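Report on the following structure.
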Amino acid sequence: MNPIRSVKVAIVGAGIAGLSALKIVKQFTDDFVVIDQGPLGTTSARSGCMPSKALTEAANVFHNRHFLPELGISGTRQLQIEPKEVLKRVRLLRDRFIYSPTHAVQQLGDRFILGQASFVTTAPNKPLNISVGSQQIYAEKVIIATGSTPIVPIRWQRFGNRILTSETLFEQETLPDNIVVVGLGRIGLELGLALSRLGSQVTGIEASECIGGISDPEIQYWAQEMFSTELTMYTGKEADLFEEADQLVVQLTGTSTRIEPVEKVLVAMGRKPALDALNLHHIGIEFNSQGLPIINPDTLEACIPNCTNSGIYIVGDANGQRALSHESADEGRIAAFHALAQYRSHGQNNHNAQYQRRVPIHITFTDPQIAYFGLRYEQLDLERTAIGSADFSFQSRALIMGCNKGLVRLYADRQTRCLLGGEMLVPRAEHFAFELACCVHNKMTIDEIAHLPFYHPTMEEGLRTALYALSTDLGETKPEQFLGLQAVFD
Ligand SMILES: Cc1cc2nc3c(=O)[nH]c(=O)nc-3n(C[C@H](O)[C@H](O)[C@H](O)COP(=O)(O)OP(=O)(O)OC[C@H]3O[C@@H](n4cnc5c(N)ncnc54)[C@H](O)[C@@H]3O)c2cc1C
Ligand SMILES: NC(=O)c1ccc[n+]([C@@H]2O[C@H](COP(=O)([O-])OP(=O)(O)OC[C@H]3O[C@@H](n4cnc5c(N)ncnc54)[C@H](O)[C@@H]3O)[C@@H](O)[C@H]2O)c1
């Protein structure tokens, strides 16, 4: 292998963002390299989206045994969970999901380089210089897609394998009898609730007053009420760890509350962009006060002082902005499109929908699920916004299915009556959030949405209840008539 190579594009990181960039780059040129330090297969498939959902699935199916006697199904007391088998299936599925992204990279031949990339100081207007082991790559454009890593306080690392993160949890042979989850954001809440349903005694500690990234105070209240029945929950408290007589102890800082002895701690305190190894200071990339690289939001090109076009694009979790799979994939596409501007034909303009941002959507796979789409509560101008809620405790289809709990809150502009967004904690939120995000994408008014065909009996009828509530908040005295539909059971 030639130790010095020059290419048009180097993609650093073969996760969702890097592979999605690769698809676009390949359309324009063969003159590229992909560099990844391994393991291959993407975080999403290896230790993120997919294994977490596989664990959650087993937990929720097992949990449903509590509902079966109500349906006249007996014998549920004999049902047992086998954590070893659950984890085996999680890993089996994981291996299946990592196959295709791994294969996509391996088939690149010598255009794939296995190793850790870092930048070498480059003179202005010269190709960017990246070193990987003994190789030097000179690239006109670089797409950085190195993902993120879990934040674990350094002083906790001495507790060894008693400290778990999402990177190590799925590698366990069995599940702990008791576990403390530090951080009840998306990862902590999804995994903490799953572990509780799989038989572990779970204590969750959250530094802020909010769990699951929910910003609507009513949904937040319901979430804490509901989930605290499944795990012992402390909010507004930070955790500290220490050892006493070989036992791990967790203390809530500023209080005398101790949890002991603790078998394992799942650290879910957030993730930070994996940029340290890249030596970005060698090329002068600017960082903001939160330590995140400053990038052009439209092109995702990194900013370097006194340099109009750095030629470096930072995408996916690596830029610390929208750490989600579909956003990472979009960012890979957008960056590659702009990086290769000089090779594009005139027909491919910047307005191609493929290279635009989508309506924001987020789903947390708890039970019930948490979701938000469009504008979130914390982003609203409350003076100009109407809010409509629907309580799913009495939603007819949800009652039949034994999952009648939760709340939907929808937000609409008072002047235009357009749906702006919403937050929810309801069964099937993964579907509702998508359906309603489509309405926001199409700039639909609540009247237009109410005229869509709501089938009976479906849970979507619960959304119609929230639309009625919205129109009441907008001052209509007979919302059913105004919206042209008559609810029968909801
Ligand atoms: C437990 C968990 C659950 C999640 N659930 C969801 C979910 O349900 N839905 C959702 O949308 N998102 C979810 N996410 C987030 C989602 O997984 C990430 O946003 C997404 O995987 C990020 O993709 P990426 O391409 O940016 O990074 P990655 O897939 O992490 O890819 C980065 C690649 O860069 C390589 N790399 C790093 N540094 C270097 C270097 N210096 N040199 C060479 N190579 C390097 C790594 O080896 C890796 O292959 C979850 C995340 C976690 C952790
Ligand atoms: N379903 C999904 O789409 C999904 C699921 C999991 C993760 N993700 C993605 O992964 C990213 C990372 O998830 P995450 O849950 O690690 O981050 P997060 O930012 O969602 O949550 C981290 C939580 O830890 C808390 N925390 C920080 N320090 C603490 C301390 N000392 N003691 C107690 N609590 C502390 C924070 O207040 C925060 O609520 C998310 O931003 C999300 O984009 C998505």
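Each residue, glycine too, has its Cβ placed from N, Cα and C.
TrEMBL entries are annotated by machine, without manual review.
What TrEMBL records for the FAD site is LYS53, THR146, GLY147, SER148, and among ASP276, ASP298, ASP317 the residue it adds there is ASP317. Between the candidates GLU167, GLU206, GLU286, TrEMBL assigns the NAD(+) site shared with GLY183, LEU184, GLY185, ARG186, ILE187, GLY188, LEU189, GLU190, GLY270 to GLU206.
Residues from the binding-site residues list (THR146, GLY147, GLY185, ILE187) with a C-beta closer than 6 Å to any atom of ligand 1: THR146, GLY147, ILE187. Less than 6 Å separates the Cβ from ligand 2 in the case of GLY183, GLY185, GLU206, drawn from the binding-site residues LYS53, THR146, GLY183, GLY185, GLU206 in sequence order. Using Cα positions, the member of the recorded positions GLY183, GLU206, HIS456 nearest to ASP317 (FAD binding site) is identified as GLY183. Measuring Cα to Cα from GLY185 (NAD(+) binding site), none of the binding-site residues LYS53, THR146, GLY147 fall within 10 Å.
Excluding the listed site residues GLY183, LEU184, GLY185, ARG186, ILE187, GLY188, LEU189, GLU190, GLU206, GLY270, the same chain places VAL181, LEU191, GLY192, ILE211, GLY212, GLY213, ALA268 with Cβ atoms within 8 Å of the centre of the NAD(+) site Cβ atoms.
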